[in-house]
2 protein chains.
Amino acid sequence: MSLRVGVIGGGQLARMMIAPAVELGVELRVLAEDEGMAASLAATAVGDYRDAAAVLAFAHDVDVVTFDHEHVPQPVLRALVDAGVAVHPGPDALQFAQDKIAMRTRLAELGAPQPDWAAVTGTDQLQEFLDAHGGRAVVKTPRGGYDGKGVRVVSRAEEAVDWFTALAEDANGGALLVEELVDFTRELAQQVARRPSGEVRAYPVVETVQRGGVCAEVIAPAPHASERLVEVAARIGVGIAEGLGVTGMLAVELFETTDDRLLVNELAMRPHNSGHWSQDGAVTGQFEQHLRAVLDLPLGDPAALAPWSVMVNILGGPTRGSLSERFAGAMAEHPEAKIHTYGKQPRPGRKVGHVNTVGDDLDDVTYQARAAAAHFDG
Amino acid sequence: MSLRVGVIGGGQLARMMIAPAVELGVELRVLAEDEGMAASLAATAVGDYRDAAAVLAFAHDVDVVTFDHEHVPQPVLRALVDAGVAVHPGPDALQFAQDKIAMRTRLAELGAPQPDWAAVTGTDQLQEFLDAHGGRAVVKTPRGGYDGKGVRVVSRAEEAVDWFTALAEDANGGALLVEELVDFTRELAQQVARRPSGEVRAYPVVETVQRGGVCAEVIAPAPHASERLVEVAARIGVGIAEGLGVTGMLAVELFETTDDRLLVNELAMRPHNSGHWSQDGAVTGQFEQHLRAVLDLPLGDPAALAPWSVMVNILGGPTRGSLSERFAGAMAEHPEAKIHTYGKQPRPGRKVGHVNTVGDDLDDVTYQARAAAAHFDG
């Protein structure tokens, strides 16, 4: 009998669990939102993840339920737990990924380093925060944001009036999260795997390069990272995984500040774009690690296979034709590139694939990944 | 539109094409012999590969047909080609993998180094060969043998009488292949990928360790291999791929003799057990490479990711319970091991999975692979 993992959501993160599931010999079952999703090969059901009955029916004969995204409502998660289904990460942890104000509040309790922040329920409070932080700040909707959506840099409180109005009925009573604009030199990401019985493994801290609020490139490990930085990042990641009771993969997005501090930017309780490099660059890729973690199996070695790994996203994809029509050019010029595509229709700004490269020379590894990915543009 | 590869046969080789197909974004469709085969996740049809109508129906809307095994009869292969289907490897190449006498004859024409051999149609001819080669030799049925089946070491011609009788109606007119017993120090395997438009890539030559006629372990690259040996092995592999017109992956099993020659033992025109190490140990694993080759896409870099890779087969598997019940022990003790299982029922001697490890120290890499695989025994 195979172990059976049920994944709610049929996007590319679910899709990228298929390969390690097949290799290990784990049966992956996906509840997809629709036909023809990225993970359709493993889709055993199509249904609405907000529909408790549909989710319960999907979950009734799997060993554990996990997720392609963090949007499954708490009542649905609780219904699963009440029905005796193993859910990883569980609702108690996921609430902190679903609500950025809850996350900031809990991280503060844990003593994790964060930007200054406040929950503000109106323009007066927001203006107060702005005045106290140099006149500019980042406003975020507590729920539903991703890839730069639900995030706005403002210098006047009025710029968030529409969000206050829209959120008046929200669980946070209309509060928005406001955060100081951190003076950072770069963005990092720390991934940690944690299994229900407690074992934790930290991946090497990586540098992430964002463009337009979307992850564009990842370099693993983060270049010029001191031993202290590597240790501090891992300690922050492990502390959050344990403090929030995360099971499965956790990604902690970090700012490295001009005064050498690390501050927590965002969390994701699932495999994450900042860890795609590990598919080809680590002994245990994040998708295999996530399966092991949620099944409460011993975790794999997260060590890198080579001095450098670089991941470059394919954003948007070809304006004409399909991704596979670009294989020949990319492969001919970059035989060392690992090309990943997600079975999604190209569309401006959409993540439709990525390229990983590994090697000894960072300049070369970076060049190969960028140049191979560029074959899929335009 | 995705590229579509149709695989005839639903065994573990087809299964192991699934992961790279999903990662690249190639649609894999499998014609399986039965429900519940190793590659069932990708099975789009169940049917008899000897039935031309079933195979043609399966093949009508794929970009290329390839194989999990070499047993599809020539008339079926020809019917595909006649219908305009791209078939790789094609029937002209596959005939040499299907008939060992045809293979020996053609390799002789190509000047590839081989053991002494003869096609013998009766006990008198066989005895003559035995007398000329020290009184012992290897007798093989020309067709249908694998993993030590259809192979017999004899010292008297009478020991092959049953085979002569059984093969009287065979395409070779009842001939058996007889080969000298080679005085070899070890067995090696050379893999080569070749695409229809001609590009060829040679993998590092590996050492294979057989037990009871079945591959038990593979070490990549072959230890203590001189530069000359590496070159000669690659030259033999490339020469055969080109000489026989092989497309896709070719494995050439070789004897290294006590007098430092390499002699061709067997051929396989598909991904091969001797290349499973490449899934985790090479930039481009053999299953991805096979897909690229049969699609006539540029080939990937076959270089090793680490100084040493070791593959140990899981033969038979647990006598009690399932393979996945052994995950916890194997993973806890060997976090660096890459465990592969094939979704097959354990049965004595059956290949049900393998373990790959990579690293800098051959002793350690070998120990970890063997010890992790041993968790699945007994």
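Keep in mind that glycine also has a Cβ here, set from the backbone N, Cα and C atoms.
Note: TrEMBL annotation is automatic and uncurated.
What TrEMBL records for B:Lys100, B:Lys140, B:Glu179, B:Glu180, B:Leu181, B:Val182, B:Glu187, B:Asn265, B:Glu266 is ATP binding site. Using a 10 Å Cβ-Cβ cutoff, B:Lys100 (ATP binding site) registers 25 neighbours.
Under the heading domain 'ATP-grasp', TrEMBL lists B:104-295.
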Listed ATP-binding residues B:Lys100, B:Lys140, B:Glu179, B:Glu180, B:Leu181, B:Val182, B:Glu187, B:Asn265, B:Glu266 - what's their greatest C-alpha to C-alpha distance in Å?
19
Give me the mean pLDDT over the domain 'ATP-grasp' (B:104-295), rounded to a whole number.
94
For B:Leu181 (ATP binding site), what is the tally of other C-beta atoms lying within 10 angstroms of its C-beta?
16
Can you count the other CB atoms that lie within 10 A of the CB of B:Glu179 (ATP binding site)?
21
Please list, in sequence order, the residues in the chain of B:Glu266 (ATP binding site) that are at least six apart in sequence and whose C-beta is under 8 Å away from its C-beta.
B:Lys100, B:Val252, B:Glu253
The correct three-state DSSP answer for B:Lys100 (ATP binding site) is helix
